[in-house]
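**Q** Before anything else, here's the structure in question.
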Amino acid sequence: MIILMIRRLVGLLLTLLAVSALIFLVMALLPGDPAAIMLGTSASADTLAALRQQLGLDQPLLLRYLQWLGGVLQGDLGRSHTYGVPVAGLITERLAVTLPLAAMAILLSVLIAVPLGVTAAAKRNGLVDLAATLFAQAGIAVPAFWMGLLLILLFSMQLGWTPAGGFPGWHAGFFAALHALLLPALALALPQASVLTRVTRTAVLDVLDEDFLRAARAKGLSRRAALWRHAVPNAMVPVVTMLGLQFTFLVAGAVLIENVFNLPGLGRLAYQALSQRDIIVMQDVVLFFAALVIVVNFSVDLSYLWLDPRLRSGKAFS
């Protein structure tokens, strides 16, 4: 099993290398001259040439990639031309918003989807099952940014319970910061929870007729106890798999949601870097997002060992 896990880890590193090359190539092929976009049309030819040299745009593509990759491996992500500060500091600063936002969204998604999906499976074809189906269909149909606007209209404009946007910073107090992140986290969580509800319901239905569940009932366990102690743990593998897949959509949704709610996170930084053609920032932020998604999915693979002891033989990683 250890050898197989090492192989997966090597595969992860090779995937990151391939992703870094693809990101660099896409950024290099974007239309327009980055120097002209940064300085504007009124810049002189000498000024444009100096900036191109500073950005390394006058060097061969492969050399630029190797220099950038070498800097990343040494922890030097370069310096933002727009902000005039190291990109590593920018990413660290914005992570203080994006990571709590993503964690809250995942937590809310699980707290909504798992109980609703389990109850819908236990009461199949009942009112709860119908409500769960309607919730899943509505959540899939409504994109995250539109969900964010609806939540702002309801909870901020009409009820006045939450701020419509902005982030006071953690220095303003832990609960004040969480309060500002609650609505955007909910906007990210609801579309993901709708999909997770359907997956949970289907996974629980698949194990309800298994022999181990009937054996648990025969030993005197109530239907509710057998459901939560035996059926739900055995149904968690596809649920965790979906959580790993959803993390990719969560990252993409963060770019939109952070702009809707005016949050100073990584998603907003990526959008601003794209609009200003700050190439170094764009490359580093996209690479960070890609690495985060790959590592999360690798961690999901490892979590199968804990969720299902039968997989510890190593066959799941072959």
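Any Cβ shown, glycine's included, is placed from N, Cα and C.
TrEMBL entries are annotated by machine, without manual review.
According to TrEMBL, the domain 'ABC transmembrane type-1' annotation covers 95-304. Annotation source TrEMBL lists transmembrane segment at 101-122, 134-157, 169-190, 231-257, 285-307.
I would like each feature placed in context: is it buried or exposed, what are its neighbours, and how far apart are things?
**A** Within the same chain, residues 116, 163-165, 183-184, 186-188, 190-195, 197-198, 253, 256-257, 260-261 sit at least 6 positions outside the transmembrane segment (134-157) and bring their C-beta atoms closer than 8 Å to a C-beta of that stretch.
Packing against the transmembrane segment (231-257) from elsewhere in the chain are residues 98, 101-102, 105-106, 109-110, 114, 118, 143-145, 148, 184, 187-188, 191-192, 195-196, 199-200, 202-204, 206-208, 210, 212-213, 263, 265-268, 270-271, 289, 292-293, 296-297, 299-300, 303-304, 307-308: each is 6 or more residues past its ends and has a CB under 8 Å from a CB in it.
Within the chain carrying the transmembrane segment (285-307), a Cβ under 8 angstroms from the stretch's Cβ atoms is held by residues 5, 8-9, 12, 15-16, 19-20, 23, 27, 72, 87, 91, 233, 236-237, 240-241, 243-245, 247-248, 251, 266, 269-270, 273, 316-317, all 6 or more beyond its ends.
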